[in-house]
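Enquirer: As annotated in TrEMBL:
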type	residues	note
TRANSMEM	12-31	transmembrane segment
TRANSMEM	66-90	transmembrane segment
TRANSMEM	102-122	transmembrane segment
TRANSMEM	134-153	transmembrane segment
């Protein structure tokens, strides 16, 4: 029994389940505290708390409708990520084929959101790193690393047990 619970398959299922729960809570918080998190997106896109360099301010997006659509797109991506990871978790618990594939896609979706979306686009393109109040690079990096660890774990292969 300990071999089953100590297996790579179980480790992948547990890790995927934990991150599924986390992403589900991220979605819940973004929906139930919509105004606070929307303000974050509005300020990052507007670049209104950056150094205000004329060399980069042309990138700012101050249209409130565009900011709202970006925020809704972020939430939709988070929902899809949680669903894909959740399917991977359920398949992993059941020992079904496809668990790793769903886990891989879910972790890649999470890496895309936090790596490309928040670190690259938010952090660099919209200069989020310059903001004292609206700098989300630390949590984005944390989430990117969690997704990276999950992806690495998911893509590992079982080794044949040692013969003793």
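Each Cβ is built from the backbone N, Cα and C atoms, and glycine gets one as well.
Remember, it's a predicted structure, so these values are computed and weren't measured experimentally.
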Enquirer: Go through the chain and flag residues at least 6 beyond the ends of the transmembrane segment (134-153) whose CB is under 8 A from any CB in it; none is fine as an answer.
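Expert: Residues 8, 11-12, 15-16, 19, 22, 40, 43-44, 49, 103-104, 106-108, 110-111, 113-115, 118-119, 122-123, 128 contact the transmembrane segment (134-153) from elsewhere in the chain.
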Enquirer: For the transmembrane segment (66-90), find every same-chain residue at least 6 residues outside the stretch whose CB is under 8 Å from a CB in it, and list them.
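Expert: Long-range Cβ neighbours of the transmembrane segment (66-90): 13, 16-17, 19-20, 23-24, 26-27, 30-31, 37-38, 41-42, 45-46, 98-107, 109-110, 112-113, 117, 154.
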